[in-house]
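Features of the protein shown, as given by TrEMBL:
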TRANSMEM  7-31  transmembrane segment
TRANSMEM  37-59  transmembrane segment
TRANSMEM  71-91  transmembrane segment
TRANSMEM  97-116  transmembrane segment
TRANSMEM  137-156  transmembrane segment
TRANSMEM  162-183  transmembrane segment
């Protein structure tokens, strides 16, 4: 049952973030006449604030009301700052490495998110395990981002997006990251419980 919950949470999180990202693509296409750094900073901050809220909501279902509100507030704030920092890092690196800066920032944000999720889950796992999970999320989601999202951005489709394709691409990009943070965590917990029984 726990493994099923982790799998369901992974799918829910990926679907919600794919929806948010596709909505952002629509806003860029329809209402942003030219790219400015301030818009990118806002985009990064709001997108990862949404990610923080999603992770918190998936956990808050098992908490009391006051604890849930605190969790939602802190998770949203933490990821908003992380997203803002990631966007700022992209603009700082862009003159040096071009669009590779987006991939570097994306991967770094997954490592930060792994540690935030550790706090959200109130986990007692070793920090090295959390770092390993974040690194796996960064590598797998980074590869998916490169294969699925880069062709959209670099292929000249940002002004006339095919929104179904965008949604599918974002889903592919987010899914492995959430799987590392949510599904793998459930499996680790199952192993720990088995060891405690004496197997």
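Including glycine, each Cβ sits where the backbone N, Cα and C put it.
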Between the transmembrane segment (37-59) and the stretches 7-31, 71-91, 137-156, 162-183, the largest tally of CB pairs under 8 Å belongs to 71-91
Same-chain residues at least 6 beyond the ends of the transmembrane segment (137-156) with a Cβ under 8 Å from one of its Cβ atoms are 99, 102-103, 106-108, 110-111, 113-114, 165-166, 168-170, 172-181
